[in-house]
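Here's a structure for you.
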Amino acid sequence: MKFLLFCCLFGTFLATGMCIDCEHCVVWGQNCTGWKETCGENEDTCVTYQTEVIRPPLSITFTAKTCGTSDTCHLDYVEANPHTELTLRAKRACCTGDECQTLPPPVLEPQVNRPNGLQCPGCIGLTSTECNEYLVSCQGSENQCLTIILKKPDFSLSEMSFKGCASENLCLLFEKKFWRFLEASEVDVKCTPAVPQTSQ
């Protein structure tokens, strides 16, 4: 259960100062309807995203809508790979006003696993800020090594750690500090360039 919670948090890309109202929801599957909520003063767009967690032969998809910032709208596809057999990826789309009623939801294209010759240390710690690292082969657009440490969590979360390959778009999103849903927690994020795989 905690692993699924981690994946949800990972995929919640909450994405300057007029106030707008955006629909908020998170559901398993591809159709998401919820309630309207006034966004923060620095949030000027609504964001819909579809996130997929893949661990062959299983795949879990969920869709969410929330507030965001328009300076992250171009970061519309992100992916990460903390384990050789586990992939996390998300597609995002922005909208405002009536456009949100007609904009088609973002759709993830079928996953094609293509190693790109890079590697990073990878691991997931569901209840700790530390985890046992091992080398992970990066795929597709993953050219960064991402480390996320969740400290001082609120009552609904435990400490967590995540290390693995990631796309540059995901690192740029974290630079924008999009995690409004973790305001009560301390989150340390670091990205470094992935390194070429060494021959065995």
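Sequential numbering from 1, following the chain as shown.
Positions of Cβ are set from backbone N, Cα and C atoms, glycine also.
Residues or ranges marked as disulfide bond by Swiss-Prot on the basis of similarity to another entry: C22-C46, C25-C32, C39-C67, C73-C94, C95-C100, C120-C145, C138-C165, C171-C191. Sequence annotations record features per position, and here Swiss-Prot assigns N-linked glycosylation site to N31 based on sequence analysis. Annotation source Swiss-Prot lists signal peptide at 1-19, citing experimental evidence.
Neighbours and distances for these, please.
A strand conformation is recorded for C22 (disulfide bond) in the three-state DSSP classification. C22 (disulfide bond) is surrounded by 23 other CB atoms, counting those within 10 A of its CB over all protein chains shown.
DSSP gives C32 (disulfide bond) a coil state; it is part of no helix or strand.
Note: C39 (disulfide bond) has non-local neighbours C19, I20, D21, C22, C46, C67, i.e. same-chain residues 6+ apart with C-beta under 8 A of its own C-beta.
A sphere of 10 angstroms centred on the C-beta of C73 (disulfide bond) encloses 15 other C-beta atoms.
Following the DSSP three-state reduction, the secondary structure of C95 (disulfide bond) is strand.
DSSP gives C120 (disulfide bond) a strand state. Applying an 8 A CB threshold to same-chain residues 6+ apart, the list for C120 (disulfide bond) reads L135, V136, C138, Q144, C145, L146, K163, G164, C165, A194, V195.
Listed in sequence order, Q144, L146, V189, C191 are the same-chain residues at least 6 apart in sequence whose CB falls under 8 Å from the CB of C171 (disulfide bond).
The 10 Å shell around the Cβ of N31 (N-linked glycosylation site) contains 8 further Cβ atoms across the protein chains shown.
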Sequence gap of 6 or more, C-beta under 8 Å: which same-chain residues meet both conditions with respect to C25 (disulfide bond)?
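Expected: C32, T33, G34, W35, T63, A64, K65.
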Can you grab the distance from C100 (disulfide bond) over to C94 (disulfide bond)? Cα atoms, rounded to a whole Å.
8
Other Cβ atoms within 10 Å is the metric here; tell me which of the disulfide-bonded residues C32, C67, C100, C165 scores highest.
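Of C32, C67, C100, C165, the one with the most crowded Cβ is C165.
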If you count other C-beta atoms within 10 angstroms, which of the disulfide-bonded residues C94, C95, C138, C145, C191 is the most crowded?
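Of the disulfide-bonded residues C94, C95, C138, C145, C191, the most buried by Cβ count within 10 Å is C138.
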Would you count the other CB atoms within 10 A of the CB of C46 (disulfide bond), including those on all shown protein chains?
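Taking all protein chains shown, C46 (disulfide bond) has 25 Cβ neighbours within 10 Å.
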